[in-house]
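The domain 'tr-type G' annotation in Swiss-Prot covers 14-283. Marked as GTP binding site by Swiss-Prot: 23-30, 91-95, 145-148.
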Amino acid sequence: MSTEIQTELHQAVELRRNFAIISHPDAGKTTLTEKLLLYGGAIHEAGAVKARRAQRKATSDWMAMEQQRGISITSTVLQFEYQNCQINLLDTPGHQDFSEDTYRTLAAADNAVMLIDVAKGLEPQTRKLFEVCKLRGLPIFTFINKLDRPGREPLELLDEIEQELGLQTYAVNWPIGMGDRFKGVFDRNKQQIHLFERSAHGSKEARDTTVELGDPRIEELLEEDLYYQLKNDLELLEGVGPELDLDLVHQGKMTPVFFGSAMTNFGVELFLKYFLNYALKPGVHISSVGEVAPTYPEFSGFVFKLQANMDPKHRDRVAFIRVCTGKFEKDMTVNHARTGKIVRLSRPQKLFAQERESIDVAYPGDVIGLNNPGVFAIGDTIYTGQKLEYEGIPYFSPELFATLRNPNPSKFKQFQKGISELREEGAVQIMYSVDEAKRDPIMAAVGQLQFEVVQFRLQNEYGVETILELLPYSVARWVDGGWEALNKVGRIFNTTTVKDSMNRPVLLFRNEWNCQQLQGDHPELKLSAIAPVFSSQTVE
């Protein structure tokens, strides 16, 4: 490898940060996302997040159904610069029904920001997504939000994170007041108080007055009881809390905690500055040839998301690719690991929600969009040089099932195309009965809203009305060993056998008890709640 390329890759990796935000619905994720973009200069004025408000639509909520409802349904990639760093923000759905899409996005992230509502603390979706981050070993940075509203005691929230998630906590800053008396935060590292002035609806950057802890001006700027409370809290923190250990942070064992209000912009820029210093840079990835460093000179990356019809004016399909190693260049040819084909990567795009601009180069940690004429599937690896493949992205066990019928025969082709594209995109899992007479697809999802999204998009983007009929199942299990293992068992009861999109057997059960009963009757049959992962997944 030439010294020039080595230096170029090293510098690019040093200046890149990549993260996803995980949260429960309504914790303020879309608002925080927009405020980070505001401070990064990517947008000049933050739009309101609720679709019904008269202001602009939120930048990251672009799909028609999202704009109608004011919630995030799909994952979006937002790229911006701050203090010379290239930041890739993988904006994940906040709605509880979309944990599977969120999981796929977390596969492309190097860090996670856990967003918590100060009034509610840890909520079910946050816990679930934390487990996914833990599984992947991601460093977790905590932002406790909505300090401009009444909430729980900060020390109580730190204790909850430690007790329930098993994470050590280190408060990087500390709130001064709460609710309508929320004045700012204290930076523990620099021993400085940041007092904020509210901007109109938080649409502009917050003005910040910074004073040292012992500065006599504090008595003029801060009410006496708030200053007294701050000093008491800091004494408690210094007495019982651990020191910040970045090695533990990078191992996912300690979380730096920040307090603020995304709505009013209080504490957002301070969080962003510290995050850039503390977060992991793009690192090694496990592949079929072992660990591969980002500075490896050959290009490689993997597909973590497919999205059809990002622009309704152009019925296009885009593959989201996480660059893992080397340098991506426009019009380069790469090997497609699953098919063995050589693919020319033309018209690469930098993604910013629905807006896209052409790019010429990209580096490890970046996410690029490639037009996808049916070439790519989720989990695919592309590379130059020596063959390598990254581990695929698994499917998780769905909990809701329904048949989907097209009552209009003249719309058969549109229906088939829509179902195929939405399945490839990961909007929903599609299964089929083993009975050839039953041709209607079976949708499998982790939440009811996924069904609504599929029906809405079939109508809105493909012009197909559909009829949905719920099925009485709540548990799905893949059969280890495939059809051969299943056929050896012979006849089984209290289950329905279907096949997934890769023609693998899946057993559907009405409840967990039926599933356990089958495993008790046939211990030789090994079942899995996660679909088997093959680096090269061939659709039959």
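Placed from the backbone N, Cα and C atoms, the Cβ positions cover glycine too.
Of the listed binding-site residues D26, K29, L147, the Cβ environment within 10 Å is emptiest of other Cβ atoms at D26. A sphere of 10 angstroms centred on the C-beta of S23 (GTP binding site) encloses 25 other C-beta atoms. Across the domain 'tr-type G' (14-283), the prediction's mean pLDDT works out to 84.
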